[in-house]
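**Student:** Dropping the structure in here first, questions after.
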Amino acid sequence: MFCTEDAVRIAGQRQPKVIFDFIEGASGREVAATRNQSRFDEITLQQRVMENVDRRNLSKTFLGQKYNLPFGIAPMGMCNLAWPDTDSALAQAATNYNIPICLSSAASSTIKEMRDWAGENAWFQLYVGGSMELSLELVERARTEGYKTLVLTVDVPQVSRRLRDLRNGFTMPFRLGPRLLWDFATHPRWSLTSIWHGAPSPKNFKLGKNGTHFDRNASRAGANWNFLEKLRASWTGNLVIKGVTSARDAIRIKQAGADAIYVSNHGGRQLDSAPAAIDALPKIRNAVGADYPLLFDSGVRNGEDIVKALAMGADFVMIGRPMLFAMGADGAKGLNSLIKIFAEDTSLTLAQTGLNDITAVSPDILSNNTSAVEQLQQPLLKTATS
Ligand SMILES: Cc1cc2nc3c(=O)[nH]c(=O)nc-3n(C[C@H](O)[C@H](O)[C@H](O)COP(=O)(O)O)c2cc1C
């Protein structure tokens, strides 16, 4: 396995189709998901020569914590479907490489388990779904366990229609029919190990005081402006708002006192006509100013993409699907390989662009000046000349 695309291919052979499609799939015709990646390919970086780039630093501080790499693991529900024990493997990797891992509300491991495994590197992502009471209980549990960073996801007012899941009959828990049984029977490695480890379920919801179950299709629109105000008043740790692509929303979120904005279109899993997240990024950077912390995901598939996202205005980058494909391809070994590949690729990109420190990445290294990029570069040029 030498790149994300290898991981996708191998995971596609080893995971049942219903699982692979759940991970790779997106909303509608999957235009947004495709565009997320194709827009990355259109961005070009300016190669620089004859710089002293023998030694290169990849470590970055984000929201007061120093990480060894400029990227972390995005929140994803039901990761243990990708391969048994994915959550603990992700946590182990986050500890080994000193990168953040964000546990989803809909995770197949508990808030406590993740904190025990990943310590200070664990963040918690909150969905305000179905029951407000349970959502607040999740925040309380995160606080009790000592989480410092809470990520509130706001781009799922309603779960979108994901055609692959509908066609495959993907439901939680599984409703086993002949097609699903055949799918599992023809992927014995995944199926036997999954049977051995027990079927994954959204564990945090099961533990709710009232025994509330997670309803994937319930509205998650409780995460509104009013809720943000209350959450900001009660959560004293870092508060990050995830799923923002509008500059106007970004300004309001900053005004509401959030510590960071997480620019993302959910990997194209929500609005199929959404702009590519990477196109929204420079606009949001312009709107919130140079110093406001921005996190980014959606469509990042290699180290060059990471450097591009940083150059387009992100302070830190999160990786979604590739982590689950790496697990599906070769379990924890695959995950470790892919993280190493991402790190090496990022470092090599620094060398090619004449830089030896990830913190030196700026819009200056972008070579195709679209208007958004020009806007980003203008203040930079002004500061450089003043
Ligand atoms: C299988 C899967 C489950 C996800 N579950 C969540 C979730 O529970 N909460 C959340 O905020 N985002 C969730 N996301 C979105 C990711 O956090 C991230 O925004 C997205 O994967 C980025 O796109 P990319 O994977 O194409 O790079 C999920 C994504 C996938 C692929």
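Including glycine, each Cβ sits where the backbone N, Cα and C put it.
The annotation domain 'FMN hydroxy acid dehydrogenase' is assigned in TrEMBL to 1-371. The feature FMN binding site is assigned by TrEMBL to 75-77, S104, Q125, T153, K242, S264, 297-301, 320-321. The glyoxylate binding site annotation in TrEMBL covers Y127, R162, H266, R269. Feature annotation from TrEMBL assigns active site, proton acceptor to H266.
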**Student:** Non-local Cβ contacts of P75 (FMN binding site) (under 8 Å, 6 or more apart, same chain)?
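**Tutor:** In sequence order, C102, L103, S104, S105, A107, W123, Q125, V151, T153, K242 meet the Cβ cut-off.
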**Student:** Between 0 and 100, where does the mean pLDDT of the domain 'FMN hydroxy acid dehydrogenase' (1-371) sit?
**Tutor:** 94
**Student:** Using a 10 Å cut-off, grab the number of neighbouring Cβ atoms around the Cβ of R269 (glyoxylate binding site), all chains included.
**Tutor:** 24
**Student:** Filter the candidate list P75, Q125, R162, G299, R301 of binding-site residues, keeping only entries whose CB is under 6 Å from an atom of ligand 1.
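**Tutor:** So the answer is P75, Q125, G299.
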**Student:** Which has the fewest other Cβ atoms within 10 Å: R162, H266, the binding-site residues listed?
**Tutor:** R162
**Student:** Could you check what DSSP calls R321 (FMN binding site) once collapsed to helix, strand or coil?
**Tutor:** helix
**Student:** Of the binding-site residues Y127, R162, H266, R269, which one has its Cα closest to the Cα of D297 (FMN binding site)?
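**Tutor:** Nearest in space to D297 (FMN binding site), counting only the binding-site residues, is H266.
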**Student:** Taking just the CA atoms, what is the gap between R269 (glyoxylate binding site) and R301 (FMN binding site) in Å?
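**Tutor:** Pair distance, Cα basis, whole Å: 16 Å.
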**Student:** Measure from the Cβ of K242 (FMN binding site) and count the other Cβ atoms within 10 Å, all protein chains considered.
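**Tutor:** Around K242 (FMN binding site), other Cβ atoms within 10 Å: 25.
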**Student:** Look up H266 (glyoxylate binding site) in the DSSP assignment and reduce it to helix, strand or coil.
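**Tutor:** Note: H266 (glyoxylate binding site) is helical by DSSP.
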**Student:** Give the distance between the Cα atoms of G77 (FMN binding site) and Y127 (glyoxylate binding site), rounded to the nearest whole Å.
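**Tutor:** Cα of G77 (FMN binding site) to Cα of Y127 (glyoxylate binding site) measures 11 Å after rounding.
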